[in-house]
Amino acid sequence: MWVQAEVFLQTLVAGILLGGLYALIGIGMTLILGVMKIINLTHGQLMMVAMYIAFWLFTLFGIDPYVSLLIAPPLMFAFGMLIQKALVNPVLRVESILPHNQVILTVGIGLVLQNVATILFTSDYRSTPVDYASTAFYLSDLWAGTPVEISLSLPWAVSFLLSVVITVLLWFFLAHTDTGKSIRATAQDKDAALIMGVNVGLMRVITFGLGSALVACAGCLFIPIYYLFPALGSQFTLIAFVITILGGLGSTLGAILGGLILGVFESMTATYVGMGWAPVGRFVIFVAALVFLPGGVASLLKTRKLSK
Amino acid sequence: MSMLEIRKLSMFFGGLAALHDVNFDVRQGEILALIGPNGAGKTTLFNCVNGFYNPSEGQVLFKGQPISGLKPHKVCQMGIARTFQVVKPLSRMSVFDNVLASAFLRNPTRKGAQDVADEVLHFTGLWDDRDQLSKGLPLGKRKRLEIARALATQPEFLLLDESFAGLNPAELDVSIDIIRGIKQQGITVMIIEHHMKVIMAISDRIVVLNFGQKIAEGSPAEISADRQVVEAYLGEEHGA
Amino acid sequence: MKNNLVPLVVLAVLAGLPLLGLNSYVMHILILSIMWTLAGMAWNLLGGYCGQVSFGHAAFFGMGAYSAGLIHLHLGLSPWWGFLVSLPLVALVALAMGSVVLRLRGPYFVLATLAIGEVLRITCENLTDFTKGTLGIMITRTWVEKTQYYYIILGLALLGFMVCRAIVHSRWGYYFVAIREDQDAAESMGIDTTRYKTIALTVSAMLTGLAGAFYTNYMGYIDPGVVFSLGEISILIIMVVMVGGVATQWGPALGAGIMVILAEYIRSLPLIGVAYQTMFGVLLIVIIIYLPNGLVGDWPVLRRKLLRRGATA
Ligand SMILES: Nc1ncnc2c1ncn2[C@@H]1O[C@H](COP(=O)(O)OP(=O)(O)O)[C@@H](O)[C@H]1O
Ligand SMILES: [Mg+2]
């Protein structure tokens, strides 16, 4: 009985920690979706690139992945802006029969990134063996008589907390700076924003950069607690859009909740069904969201507000 | 007999009441004009009739049957066709194919559908443009293509949303003739229009909307004598 | 009249090719090209005509391939029966998928297709007892010679061609294009858009499944990493259509020929051989920007550009 409770609680904690990081990935995607109205299917690959940056900084110069938070995201910010300017913008102007050709474009970019990574770094699994990797806190240290034992790994806890901090910083940026307000205005109504004198083109470029920087942060937070290989990119792209759907396309708060839900759900699937099944669990929740809650969590938040 | 009954129809968008408690009937065989200033809720009413919107409150009855909540394609299959204020041509299809696609609704075979399409194209005067891509048409003809496509579904009831806006005088006359012809075929018409001259010329009755509410209903003569209407609507137009 | 003659002439030429005594490598290239033509035509029906972009045709391809492999593995049946088994199976999955995602507007369908290929791959890798997981399934090929395979895939592609052609010229085809061009307009014309999108998806999926079942029989070996692959199957199918011609009758055939030869060529290059998927990605990006409707689709534009260049030179 206690053992089962212990397993459950431990799984829950792990899920919430994972979910916090997922939220960060989801927010970046949601931001791009909101402003550009396109699903960025190279999101996970951008994270993978950031993770390689952090990995090599660690391996070559011994720079701690958390310190890379100051290096990789700015680089990816620039890279994201470049993608937007050099590739997405030209495609927006192209007249094509196929709808979603910007989305196909992002898939193409993802394919290139992933394969270039494979060529450069092989498909070997990498990790950053930081010396605090296996440090953990135990509930019994705080409360000797606890009936259930729960452990909290130090890097997981740090990554989670940092992702919360970054999210709060982002919120502050979007709510209280001129650029942030312009981005929100563009997302809400592009034409109205144009009339208000917002430089929509610039906002798009900045947003793609910002979304890339956010997912790069997630990458730096993931690398100490995860492993890395090129195909991780497509895996995380999938995760990112499941979160976005769960959250309700384009809602930041929805993305945070979506990330948490997915994190907990995956963690439960891994514990109770089997490690290899977590991706299938991800799909199950994706389908469930499409069937039962097409508007995502955001639609729940909204109806609550409307019905007073 | 009432073809269409609008019963206590309301449509809310967030806090905004685009339509509020609207009631009126459209009688079989008539041309009813729906007028009112921009943003009065005219297009919203069309959207509630043809199934794009599910009304927040109230009902729409077609030949006595409730149709609110039905999907647009079902409404169309029942015999209500519409045009769009902001035209929606199937851009990469020829004019003929636009109409043909519509004609398939009641004529599953290609031969049957082609006959209907031919007839509609002649009737709307688009026959000579039939092989053009629809995105290449000038606005006047794109407006007429909207009508042609709606007619090709062989409806009993036709909703025309500002089919005359932006037309030059010559095109206006053509369109007026077309609408009269439609009435002669026994199709009931509800038309949203701003041109007072056109309305007076073709409509049997007029319903006036303002801020989502019906403020008047009656014959063209009655409406043009109505103070409230003149203030809300005609006044605005004269002022502008 | 002339239009009806062209396919017959092409068919006659293709049917006569093996009589020339082509070597086995050339036959292999031809067989692969025709197989990808079939898959490309299938994708084109859904993506090009109906406007529903799928990133998950590997799901249907893989299901076809595994239908053939699994009946052999578990029931000892000839993998050729895979064609018959795959049809209802693939149709069922497509219908289920259509009823969930095609009623929604927005990017849901695109995302769902991307997910389904991956999920089937992972499921297949994990159900080791049933599918042998990443080990894959090996079958004994019926013939050593290529000629028989050539005629079989030619027959299947012909079937696919006729099916697509018949659909495109019928009510269904008009409805597909209407949906692609403007969904609101289509609905107000009485078209049940969900239903016709689902039809397009189902037909497209079934034809792709046939290509997959053929793949198993022809290659003799399948594993989840290949037949359910995003990069090697789903994207390749999209490229076949985008390079050749979106919403055109002959585009997929042209695109398939180009892509297969290109893939073989790049893979044969000593140093960049490993990078062929990168090349595909780059090519995809270039095509989207410069030739969004493919060689056949953008031919008028292309010709104008070439002529102008010729005139100024
Ligand atoms: N989908 C919608 N969401 C929010 N508001 C809408 C929507 N459709 C219409 N409205 C609002 O409803 C009002 C009536 O619009 P409309 O019916 O288009 O007016 P009209 O056709 O009479 O000019 C307008 O204020 C418009 O902004
Ligand atoms: Mg209007």
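Each position is counted from 1, following the chain as shown.
Backbone N, Cα and C atoms are what each Cβ position is placed from, and that goes for glycine too.
Whatever TrEMBL says is automated annotation, not expert-curated.
These come from TrEMBL:
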TRANSMEM  A:12-34  transmembrane segment
TRANSMEM  A:46-63  transmembrane segment
TRANSMEM  A:103-122  transmembrane segment
TRANSMEM  A:154-174  transmembrane segment
TRANSMEM  A:205-229  transmembrane segment
TRANSMEM  A:235-262  transmembrane segment
TRANSMEM  A:283-301  transmembrane segment
Worksheet entry | Contact yes or no, the transmembrane segment (A:154-174) and the transmembrane segment (A:12-34), 3+ Cβ pairs under 8 Å, gap 6+ | yes
Worksheet item: Which of A:12-34, A:46-63, A:103-122, A:205-229, A:283-301 has the most Cβ pairs closer than 8 Å to the transmembrane segment (A:235-262)?
Response: A:12-34
Worksheet item: Taking a Cβ cut-off under 8 Å, which residues six or more beyond the ends of the transmembrane segment (A:205-229) line up next to it in the same chain?
Response: 21, 24-25, 27-29, 31-32, 35-36, 40, 43-44, 46-55, 58, 65-66, 68-69, 72-81, 83-85, 88, 123-128, 130, 133, 153, 155-156, 158-159, 162-163, 166, 170, 179, 183, 186, 240
Worksheet item: Which residues of the same chain, at least 6 past either end of the transmembrane segment (A:283-301), have a Cβ under 8 Å from a Cβ in it?
Response: 242, 244-251, 253-254, 257-258, 261-262, 265
